[in-house]
Each structure stands twice: as C-alpha cells, then as structure tokens.
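Trainee: Let me give you the structure first, and then I'll get to my questions.
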Amino acid sequence: MADLGAAGATRRRRRATFAAGRGGSLVPMNGASAAACPSAGTAGHSGDTPGQKHGSPETARVNSKSEKHTWRSEKQSDVLSCHKTRESLLSSESGYNNYRGILNWCVVMLILSNARLFLENLLRHGILVDPIQVVSLFLKDPYSWPAACMVIVSNIFIMVALYTERQLSKGSFSEPVGLTIHCINLTVILTFPVAVVLTVPSVTPVGGAFALGIYTIVLLKLYSYRDVNMWCRDLSRAKAKNCPAVKSGDSSKVCYPGNLTIKDMYYFAFAPTLCYELNFPRSPKIRMGFLLRRLVEMLFFTQLLVALTQQWMIPIIQSSMKPLEDMDLSRMMERLLRLAVPNHLLWLMFFYWFFHSSLNFSAELLRFGDRQFYNDWWNAETVTYFWQNWNIPVHKWCLRHFYKPLLRRGFSKIVSQSAVFFLSAFFHEYLVSIPLRMFRLWAFMGMMAQLPLAWFVGNFLHGNYGNAAVWISLIVGQPFAVLMYVHDYYVLRYQ
C-alpha cells in the first residue's frame, strides 16, 4: 500500500507539472516564480490535502497566467526597444575615463619601437659607451681642476654676505653701505666665473657649465638671503624690539638676528631651495631606506644618461652636420625628428634624476621638510602653467623676489611676467653660451618665444589641445636648439 501511495503521489506531481507547463511554457522559470508556484509534491509533504485550491492543477494554471500577464506588462518596453540615449566611450561627454588598457598599449608600443631603434643603433655603430670619455668631459688635465677650484672659491662670496648681514644687524653698516656691498658681491659672483671660463683654456664646456650652474644657485640664494634679512630688520624697527639670539640646543624658533650664524648660512647653502627662511620646516628623522633608494636612483640614472648620450644622441648629432652645412631642409627636418625622441627621453630622465632623486636625497640628508620640488607639469594645458610647476624652487624665487616686487612697484602683470621670462632667458643663455665660448642667443630666443606661445595656447587652445601643444613645444623645441648650438660649435671649432 505504501508503494501504491507513492506511485499515486508521483502521478499527481507529474499531472500538476504538465498542467503548469502548458499554461506558462513561455515564462522563464527563476527563483521567484518557483517560490510563487510551489509544486503539488511540496504541498503534499507539508500536510495539504488534494482538495486545497492552491495545490490543484487549476490553481497552478491560473497562477501561471497571472505571472505571464505581469511579466508582459513589466518587460514590454525591453522587448520592444533595445536602445538608450548614450555617448560613445571615446567621447568626452560619456564621462568614461578608464583608459588603462590603451595606456598599457602605448607603453608596449613605446618599448617595442625603442627596442628596434636600440638594435638598429648597435648594428650600425657598435658599442660606443666609454666611461673614461666622461671624465675627459670634465677634465682636460688630470692635475688641473679649474671648475672644482671655482666651486671652492664660491665660499668667499658666501662669507662676505654673512659678514655684511652681521654688520647690518649691529648697526655698524648703514643700509646704503650694506646694499652697495651686496650689489658688488652679487655682481662679482655673476662675472667671476665668466672671466675664468673665457680666459682659462683648461676649462671644458661641461666643467664650465657645472661651475656656472653652482654660481647661479649661489647668486639666487644670496639675493634671497639679503632680502629676507632686510625684511626682518624692517619688522624689528617697526616693533622697536629684536628677538634674542637662540642659544645652542634651544629648540624654539630662531628670531633675527639669531639666524646670522655660519651653521645657519651653510644649511641654507646646501638646502634644496633658493628661498631663505629663518626657520625651515624639518622632518622628524632621516629615513635610511628612503635615502638609499634615492642614492641608487642617482647612480643608476647618471650612468644611464651618460650611456644613452654616447650611444644614441652623439651619432645622430654627428650625422646631422652634413645636412646643416648643405642647408638641406628635408634632411634637416628628418634629423630633427630623429633627435627629438632621444633628446626628450634624456630630458625626462634628467628631470627625475635631479628634481626627484637628487633633491630628495639632499633634503632627506638635511631633514628639509618641504619636498615640493615639482608639481603636475605633465598635465599643463597652458605654457604658463608648465613653467610655474615643473621647477618649483625657481618659480618660488621668481614669485617672491622678482615678480611680486615688480607688482608692488606699480608694474602691470604682463610687464612683470615678461620680465620674469627675460630673466629666465638670460640665465639659460648664460649657462649655455659661456661654457661653449660662443654667443648665438638660441636659448635666449627660445625662452622669449615662450611669451607669444603662451598667449596663443592660452587664448586659442584649451584642454587636451593645450596640453598637446605644450608637449609638442617640449619635444620639438629642445632638439632644435641642441642642433643649432652643436652646428655652430662644430663650424667654429673644426672649420
């Protein structure tokens, strides 16, 4: 009897399922519909009798029709239409910004293309890397180090500035006398290395550029040192009191004239900044791991820059001399574009080596707290934004000691900005022409050309177009100046 009862229950379940299937064969079964239409077998196991309506085949058929009607009313719009108002992913209006795959593709293509160029260079020229040749770029005679001697002599000008400020703080020098001494000191800093480079034949172009770079940094630092101490004297006179000098081991803030010490002066001389303060922000401790990483990066990128210059840049420059002599414009343009890629790659490596690795190394060693040596210049949509953010120490100096003082004197913003570009153009030409012992003004004109370029990009190009214009000016402008200087140097020295 138990087997007959089980068989009867099985037949009832089959009939109920068949009846439900005929009534709702078009309805996709899911968890919701299964829950809404329990099977007869389930009802039987729960204690329901065959006479209950919700477990009968007629009830299942009614429920199936109701579900079908509900599904039709809810899904009718999806069945009749499959389109919505949407933008393409590559359109700026779409709001889509996940281009990681495209970025990876660009990196892969860049690696493959440069690998091809690298192999082609090796097959054509062989291995040209020579570490000994690097030493000869700095020294002609191993027993004569004129560039290093010039750097050592710069300590004299630092001590003159410190002595002058001490006398001014005591009242031994009047303000006009102190200003005269500072002006003479800064003028000698600017002209002394020029005289040495132009008169001493043993100074190499690379060594001369290094010494002139150090003297330019000293000049800007001492100018800031003089300005800040003068502002402190003015504030002291306004308040009719001075803060006492800070004793050794005192952790309180240093007040003027307590800052006029040799220790404070040389901390500023080696600190990775051009703007002087009485109290620099300090980091709590030296992180040895961070310091070692920056040191390894400095050594690695130094070797890489030298190797790529010898292996990649020099052969292209040498092959460019003939088209430049013949004034073959098409070949000159081809050489310019060939030089653009390695020149730009070396410039990016130099940026990372100097502004990130080197400056962070010196800042960590001195526990210098302000590490904003650069900003997001790669996102620059205007030329002005690029020059304001790619070299923060120079930008801060120009803003604090040159641009704002001009505004306070009544000059307009346009005139003040033009004066800042003029000053930058002067130092660019100063650091290039004098070590090469020739004056062609290519760097000066390149910097002054930034003014009309900045006006054009700022007024006519915006967003990605402005950013592309900034990148093009960097990629194409620099190798053009390099070719011009190399050509003139080659003609002047070897023809």
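Placement of Cβ uses the backbone N, Cα and C atoms for every residue, glycine included.
In TrEMBL, annotation is done automatically, which means it is predicted and not curated.
According to TrEMBL, the protein has these features:
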ACT_SITE  HIS428  active site
COMPBIAS  31-43  compositional bias 'Low complexity'
COMPBIAS  64-77  compositional bias 'Basic and acidic residues'
REGION    1-77  region 'Disordered'
TRANSMEM  143-164  transmembrane segment
TRANSMEM  176-200  transmembrane segment
TRANSMEM  206-223  transmembrane segment
TRANSMEM  337-355  transmembrane segment
TRANSMEM  410-427  transmembrane segment
TRANSMEM  439-461  transmembrane segment
TRANSMEM  468-486  transmembrane segment
Trainee: Report the same-chain neighbours of HIS428 (active site): residues 6+ apart in sequence with Cβ closer than 8 Å to its Cβ, ordered by sequence.
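Mentor: Result: ALA443, PHE444, GLY446, MET447.
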Trainee: Determine whether the transmembrane segment (206-223) and the transmembrane segment (337-355) share at least three Cβ pairs under 8 Å, counting only pairs 6 or more apart in sequence.
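Mentor: Since fewer than 3 Cβ pairs under 8 Å link them, the transmembrane segment (206-223) and the transmembrane segment (337-355) do not come into contact.
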Trainee: State the residues, same chain only, that lie 6 or more residues beyond the ends of the transmembrane segment (337-355) and have a CB under 8 A from a CB inside it; answer 'none' if no residue qualifies.
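Mentor: For the transmembrane segment (337-355), the sequence-distant neighbours (Cβ-Cβ under 8 Å, at least 6 residues beyond its ends) are 114, 117, 297-298, 301-302, 304-305, 308-309, 312-313, 316-317, 320, 373-374, 390-391, 474-476, 478-479, 482-483.
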